[in-house]
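First up is the structure itself, then whatever we jot down about it.
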Amino acid sequence: MAGKRVLVIDNGSYECRVGWSDSKEPDLRFRNVLTKPRKDRKKEAAASEGSASQTTVEQSAEIQVGNDITNIEAVRAHLKSPFERNVITNWNHQEQIFDYIFTKMGFDGQDKIDHPIILTEALANPNFCRQQMNELLFECYGIPSVSYGIDALYSWKHHQQKQKNISDALIISFGYSTTHVIPVLDGKLQLEHVRRLNVGGYHIITYLFRLMQMKYPVHLNAITISRMEKLVHEHCHIAVDYKEELVQWAQMDYYDEHIMKIQLPYNAVTATNAMLTAEQKQEKRRELAHRLLDIKKNREQEKLREDEQQLFVYNKLRQLYEQKKLDKFERALQQQQIGTLEDLDSLIATINSRIKRAQERAQSGPRPSKQQERLNKMPKPPEGMSQADWLAELQGKREKILGRKQARQQQRSEQAKRHTHAAQERMRIISSLAKNEKRRKANGEEEDDGFGMNDNDWDVYKRINRYNDDSDSDADNEKLMQFDKILNHYDANTDGNSNVPPQSAAENYQLHFGVENIRVPEVLFQPSMIGCSEAGLAELIAFVLKLFPAAEQQRLVEHVYLTGGCAQFKGLKERLIKELMEMRPFQSKFAIYESDEPTLSAWLGACVHAGEPTFGQTLTTRQDHQEHGREFFREHTASNIFYPTPKD
């Protein structure tokens with residue numbers, strides 16, 4: 001065993017990292033999934049005609065693992081994983097992944113793998129799963145020995161290289177499917193006090209995926225798991241005070257300043273028709289009308305030829321009757337599916353009238369179509385004025401009408417308020433009219449003040465009437481519709497809603513990523529957001545600490561260690577400081593440490609373990625496998641604790 005290089009495999013449920021123990025980084029990193037693409041029936045039929053050896057090679061090449069999957073979204077529905085949560089359950093898939101690993105590491109074509117292996121496994125891994133793994137490694141691949149360990153404890157071992165003389169820690173391990181709170185005292189795992197939260201990176205990504213799908217249902221195909229993974233990895237962070245940040249996001253100024261707009265891919269449509277001038281657009285309409293008339297004329301001529309041929313046949317039948325050839329006449333009627341002589345005469349008369357109408361239409365020329373009639377009824381520019389000047393004049397009139405409509409709308413909104421200048425002026429006029437009494441003559445009769453003789457006198461009623469613009473508004477609406485109709489007909493660049501700024505095609509394919517960047521990772525502290533009834537991470541830490549005496553609690557919180565993929569979230573350390581400060585006694589001390597490389601620290605810690613002098617004593621050999629049982633393994637400081645399965 002001495003002198004042989006150790007192969008380290010960090011077999012994570014999200015990513016697998018493989019390399020030699022004397023390397024500084026893994027030689028192979030890949031997503032721990034595989035797929036079998038759908039077969040092409042034509043290719044399959046062609047392959048069946050080949051030799052048996054060629055078929056075997058093709059079948060082995062059908063399985064795609066890890067980095068060999070070029071487009072993971074195209075086969076997302078067919079992805080397979082050997083894991084169920086964080087425990088291996090599908091051993092056929094695991095064997096295919098091992099084949100991929102050993103092929104990439106240069107063992108292709110060898111009968112056995114003659115190198116010791118360090119392999120990570122789930123915390124409290126069931127004996128049955130370890131039994132299956134031992135059988136796979138020893139009997140299928142012929143390895144000499146294997147050492148099993150927990151990824152979180154390997155990560156802590158790597159952290160101990162920088163923090164010397166540390167034997168106590170509270171390890172918080174963030175996995176893809178689960179999160180564990182692991183207490184370690186005097187360098188030993190306190191397995192009976194470990195607690196698990198069934199929320200991990202998978203749930204965070206899936207939660208964001210569903211949120212964005214509900215927010216943008218028109219972009220379901222563009223919202224993919226891969227895009228959501230990138231958003232989670234690069235742009236999400238954990239809020240120190242979640243409720244306070246939610247209040248900030250409710251303010252429009254904060255929203256506009258911090259919103260992130262994600263541009264989705266789209267195919268830009270070139271608006272060629274909108275780039276045409278008015279004359280070019282009108283010419284296109286005339287060409288289209290001519291083409292339609294030509295098509296109609298050709299159809300009528302074809303129909304006329306058919307009617308003439310049919311009339312010729314029916315006249316021949318009529319001649320048989322006139323020539324007293326009744327037998328031939330009866331047989332001909334049956335062939336043409338005509339009942340009697342009267343039916344034949346009726347058909348001849350109908351076809352004759354149809355031919356006559358067609359000939360009259362051909363002589364009189366084509367009748368203008370409905371589209372042409374509408375074009376003829378459309379107003380034309382006045383004599384002596386160019387079309388461009390006429391359209392510009394109409395556009396100016398249209399803008400004036402829109403201005404009047406906007407002014408009336410503003411006036412209505414002001415009159416609806418009591419303390420505006422318009423409302424106060426209206427009340428002043430009403431009160432002055434009420435106080436103005438008519439003068440009386442000497443005989444007591446009221447003297448006529450002449451009000452109404454001037455048309456301007458009636459404007460006072462318009463000033464005091466809140467809705468005096470109904471008739472004017474109706475007239476303006478009619479003119480506006482007329483102007484829009486003319487402008488839309490002549491000017492291709494005119495839009496009926498030109499006063500509304502158009503939205504670009506790129507803006508229609510944008511995702512606004514705002515409050516989701518704190519809402520999504522918050523599920524670690526509030527699992528109820530995704531329907532999980534378990535306690536959050538802060539409550540879980542408090543529960544684990546209460547399982548120990550006060551002195552041991554203090555030893556644990558003096559070195560809280562964060563590892564795993566989700567430990568990369570910004571703000572996680574600050575949030576845990578806030579949570580620990582709330583749950584710990586007044587003025588008690590605690591410290592939180594983050595892994596320098598959360599996703600690689602487990603593999604690096606396993607490499608440290610391979611270089612220790614006592615590494616040989618932690619290896620489970622083939623002889624141990626045969627003598628102590630298939631589920632047996634040797635314990636060490638970074639491994640699970642072996643509890644033999646009770647015998648019946």
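Using N, Cα and C of the backbone, Cβ positions are placed for all residues, glycine too.
As recorded in Swiss-Prot, the features of this protein are as follows:
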- 277-311: coiled coil (COILED)
- 340-364: coiled coil (COILED)
- 414-428: compositional bias 'Basic and acidic residues' (COMPBIAS)
- S471: phosphoserine (MOD_RES)
- S473: phosphoserine (MOD_RES)
- 34-59: region 'Disordered' (REGION)
- 357-385: region 'Disordered' (REGION)
- 403-455: region 'Disordered' (REGION)
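Beyond the coiled coil (340-364), the same-chain residues lying 6 or more positions past its ends with a Cβ under 8 Å from any Cβ of the stretch are 300, 303-304, 307-308, 310-311, 314-315, 317-318, 321, 333. The number of other Cβ atoms within 10 Å of the Cβ belonging to S473 (phosphoserine), over all protein chains shown, comes to 16.
According to DSSP, S473 (phosphoserine) sits within a helical segment.
Across the residues of the coiled coil (277-311), the predicted structure has a mean pLDDT of 82.
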